[in-house]
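In what follows, a structure is listed as structure tokens, so that the remarks can point back to it.
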Ligand SMILES: Nc1ncnc2c1ncn2[C@@H]1O[C@H](COP(=O)(O)OP(=O)(O)OP(=O)(O)O)[C@@H](O)[C@H]1O
């Protein structure tokens, strides 16, 4: 536990020095931390000295001494009142900057992760870590560390002053403080346990919220709102019950601390008063000791709680570090894994008549099930090649391998005659334009969304691409035209309009290979026709790989591969496949009959 506290704390502080931080930030933070943590002791000390001067002067009927005490207090409080806000401001600036740096590092890391990682994790988990855990971790380097340092400076400083004033009162403070510490520490573990449980349930609550946003459409169509709500309420109620438990512990502790504080105070007055009566202590020194005892008792009473709070915050930091430390194998930088020196020569797209070649490729996501089984095929340059077959056959997996998201366990994939392992990720991805089933539109304008295809495209190029994709007239009919903002996930546009924007984006990219993953599957026949027109503009002169369930869209393909259980079981063009009366013909006739029937 100690090691985790130490290493996570040091790592949190390290963001002030490196990975975006600077020595100036680190030094400013430490100086501000020390000054702010000393403020309580300094105020108490100045106040206590002032009180001593004033009470001793009152008892001696010394008016001059009374004024001296007043001036002393006013001078030092004035100085502190100027210094503390300045360093408070510097401290807050350091905290805000550090949190920004941590978020920046997290964002960069999540951006660099491979598709594989996202396919296995719930997006709500990332959201929870970025929102909740960053805020929790911030507690560690903002107020928790300050409270801890403050308790130590104040407690040890006060103990020294009391020791100097009177040994008996010091002994009383020490014994009573240790008893106080023991009682408070008894609550630390149960409080920590309950806080940890609340944290993990809160993450579940965030995930449920993420479900109702991302799955808004499905929830409504399937009318599963009630069941999703029940699941949310399970987590929400758990947070409520655990929070009540925490409140119960905190209430008992607060009542004890309040009572104990007064009893300690009275005990001190009684012992101190006795010493004053015996002339072993001046009344002024009793005042100093009364003022200082509060800090000593505070140190003993709260250090356990402060350490626990710090530990909880560091658990939040640990969850952030888990993301930052995700293994290299999950980084979207396959060349690290492929262990192949990238070629320095330009990719020669004209050197071969074959665009893509799979040579006895086998692949599985896990050890239990082989998804592609010794698959061999070619895609000639500028051809339109379709992949059809039953769901789960491995069609999308072929696309993922081509784009380098995964590497095959066996066999070789060549693109323009060059092994995929010898491409850098940048080289490889520049070869493809991709139109998925359901296009993701980023928060922002339609113009920005199309321009993601080519970041340095001119306005003319963007408009040209939209015209080719047959979406320009629609965009111009919107009140704000190309500047129209698309909502989160592009929900304000129809499926067909979103697809056409994705096609315009792909046209703008002007890549030699097109990957179309069932681009019309979610559309009605009218929109399908429209999108197919747009696709024809995109396909012209390119090598096109298309996954299709609706066979009407790929009748004109040069080659059709029928995939089943990770194997190619039929190959040919539409007419050839119909002639052999195999699986393709069967599927086509089924779809044709359905269409005819309806
Ligand atoms: N990230 C993943 N991790 C583990 N298994 C996966 C993953 N993605 C796909 N699979 C599994 O691999 C198999 C092939 O999936 P794939 O998506 O390639 O099929 P498909 O032919 O494209 O199906 P569909 O036509 O339904 O899109 C399926 O059994 C699927 O469950």
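The chain as shown is numbered from 1 upward.
Cβ atoms are placed via backbone N, Cα and C, with glycine included.
Owing to the predicted nature of the structure, the values given are computational and were not obtained by experimental measurement.
Per TrEMBL, the range carrying the annotation transmembrane segment out of 170-188, 189-207, 303-321 is 170-188.
Looking at the stretches 209-229, 335-355, the one that TrEMBL records under the feature transmembrane segment is 209-229. For the domain 'ABC transporter' (356-590), the mean pLDDT of the prediction comes to 86.
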